[in-house]
Amino acid sequence: MSCPLRPSEAQEGDQLSEECGMLYGEYLMLDKILEAQRLLSEQNNQPVHDEHLFIVTHQAYELWFKQIIYELDSIRNIFSDVLEESQTLEILKRLNRVVLILKVLVDQVMILETMTPLDFMDFRCYLRPASGFQSLQFRLLENKLGVRQENRVKYNQNYSKVFGNDEKALEQIAKSEKEPSLTDLVQRWLERTPGLELEGFNFWGKYQKAVEKLLTEQKELAEKEEAETLKRYKLNDLEKRREVYESIFKVEVHEALMSRGERRFSHKALQGAIMITFYRDEPRFSQPHQILTLLMDIDSLITKWRYNHVLMVQRMIGSSQLGTGGSSGYQYLRSTLSDRYKVFVDLFNLSTFLIPRSYIPPLSTSMRSHLCNWGSANSTNIVSNGNN
């Protein structure tokens, strides 16, 4: 790399030397990276041109996976401690970086699609038994985000078995399963949202009353409908909506949904997410709301990447052939598009529980002051307890 202390007149290419340190290629270890494209098709002295593209694209994926894991680990470390408000901007920056990387990965599939099925068939036989299912980094990425083992689609065997006797890989998998995932840490953070305290602002109690008022008033309007068919439709719709709201108001119903994997966040964390969504315009909830939005973006982009991957696989090998690693190929990949693999599915479903702005419980003077106050002695972070 060029030395920042070198005089400007010494920046010319013919004057580069090692007196100030290593050069560009040495710093990036390009000799190793650029020599890592070994075409198996060359073994028969019949190199397949597109195998080079296949290797480079997947190596690029793995490098980006490494960067995403690096960012996620740093974010999880910040969340592991009491989260200071001054750190939320850093979390936003790193989450946004992950989002932008994932957008690159989604678009990168298009490069592979420049290869035709016949082009792929020319070297596919050399890939067995290697498979994308064996990507250790992608499994670590999933675990660190919060994909649970019980939610994974079965792949003939436990997903970690594909790493065979690779003790280092198995240790990393085991560690990623045991340590708190980003989902776990976000849940703990949401559970400490100021304003949920029963003896304080008691947002949840106020929210339940607001929902009851909304449903009661809408029922009264429905009963005034003269057309019997329309009246019956509106009353039935209101009854269904009441059941939906009761699924979050009744703890036992919420926990039953959690046990079935239909909800992931604890009851208290869900309350915090709803409160942040309602009062996102308040200064101290602005950045937390952006965090929740970026978490959904990450989930969305991973789903889009899976979907693009599914379509590419179907285009290359059809929907009935087995994958090179022995999986059902297209059928297996398509099954990973379900909500089972969405770690922040509860955030997507928050819109189900929204109410019109006019019904949102107004903040008390003390609570509004608390949410507008940055850095008071008793309220230095978003996860501290609000007393009013």
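A Cβ is built for glycine as well, from the same backbone N, Cα and C atoms used for every other residue.
Annotated features, as they stand in Swiss-Prot:
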BINDING   Phe54, Ile55, Val56, Thr57, His58, Arg124, Thr324  substrate binding site
BINDING   His309  heme binding site
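Look at Val56 (substrate binding site): DSSP puts it in a helix. Sequence-distant neighbours of His309 (heme binding site) (same chain, six or more apart, CB under 8 Å from its CB) are Val109, Gly132, Leu333, listed in sequence order. There are 16 other CB atoms within 10 A of the CB of Ile55 (substrate binding site), with all protein chains counted. Within the same chain, residues at least 6 positions away in sequence whose Cβ sits under 8 Å from that of Thr57 (substrate binding site) are Gln108, Ile111, Leu112. Once Cβ contacts within 10 Å are tallied over all protein chains shown, the binding-site residues Phe54, Val56 are led by Phe54.
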